[in-house]
Amino acid sequence: HQASKTEEANAIQTPQLESKTDFEKAPGVTELETISNADNSQRDTDSLTSVNSTKSAMTSLIIGFKTFCRPAVLILVVQYACSFGLELSVDNIIAALFHSRFNLSLTVSSYVGSVFGLLNLFSRLSGGLFGDYLYKKFRLPGRILAQLIIFICEGCFLIGFSYSLGRMDSSIVMMICFSLFVQAAAGSTFSLAPFVDPANSGTVIGIVGAGGSLGGLCFNFLFKAYGTDYHSSFLVLGIVALVSGVIGSLLLRVQKQSLFHLRRSTEKRNI
C-alpha cells in the first residue's frame with residue numbers, strides 16, 4: 001500500500017510524454033533542432049563560398065597565363081621594356097655620363113641630366129596623341145604604324161647620340177631628341193594595350209607595365225657591363241630599340257589587324 005502511494009506521488013510530480021509526437025513537440029527539443037539546422041545551413045554556405053572563391057582564383061590565374069602567352073602581349077612587353085624600361089636605366093646614368101665625359105661638376109651634370117626626365121611632362125602624352133591621330137585615319141593599323149614610326153626615330157636618335165659624345169652641345173641636342181621618342185614610345189605602347197584583349201584589358205595593361213621594370217633591370221646590367229664605354233652601350237640600346245620596334249610592329253596583330261591591313265583601311269575610307 002505504501003509503495004502504491006509512492007508511485008502515485010512520482011506520477012504527479014513528473015509529467016509523462018505519452019508518445020513520440022509529444023516528445024518532438026517539447027519546447028526545448030524544438031529550439032535545439034532549430035539551432036542545429038541553422039548551424040548546418042551556415043556551414044554549407046561557408047563551404048560553398050570557399051569552393052567558389054577557389055574556383056574564381058584558379059580561373060583568374062588561368063586567364064592571366066593565357067593572356068601573357070598571347071603574341072601581341074609579349075611584343076608589347078618587349079616594346080615597353082625598350083621604352084619605359086630604357087628610360088629608367090638612362091635616368092640612372094645620364095648625369096654620370098656628362099660628369100665623366102665632359103668633366104662637368106656633379107651639380108651641373110645633374111641639371112643637364114634632369115632635362116631628360118623633364119621632357120616627360122609632354123613627350124609621353126605626345127605618343128598617345130599620335131596614336132589617336134593615326135587611329136582616326138586608319139583605325140587599329142594606324143596605332144601600329146604610330147608605334148613603328150616612333151620606335152624607328154627612337155632607335156636612330158639613340159645611335160646618333162652614341163656618335164655625338166665627342167662634343168657636349170651635340171650630345172645635349174641628341175639627348176633631347178632621343179628622350180622625346182623614348183618617352184613617346186611608352187605612350188604609344190599604352191595606347192595599343194587596351195585593344196589587344198578588351199575583355200581583359202586590366203590584365204593586359206598590368207602585364208605590359210611589368211615589362212617596364214624588366215627592361216630597366218636588363219639595361220642596367222648592360223650599362224654595368226660596358227662601364228664608362230657609353231658609346232658602345234648607347235649604340236647597343238639604339239640597335240635593340242630599332243629591332244624591337246620594326247620587327248615587333250611588323251609581327252603585331254591586334255584584333256586580327258596588322259600593318260598589312262593599312263592599305264585596306266585606307267581604301268575603305270576612300271570608298
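Cβ coordinates are placed from backbone N, Cα and C, and glycine is handled just like the others.
Checking TrEMBL for transmembrane segment across the ranges 23-42, 83-102, 203-222 points to 203-222.
Outside the transmembrane segment (234-254) by six or more residues, the chain places 71-72, 75-76, 78-79, 81-83, 86, 90, 140, 143-145, 147-148, 150-152, 154-163, 165, 182, 185, 192, 195-196, 219, 222, 226 with a CB less than 8 A from a CB of the stretch.
The transmembrane segment (144-166) and the transmembrane segment (104-123) are not in contact, since fewer than 3 Cβ pairs between them lie under 8 Å (pairs 6 or more apart in sequence).
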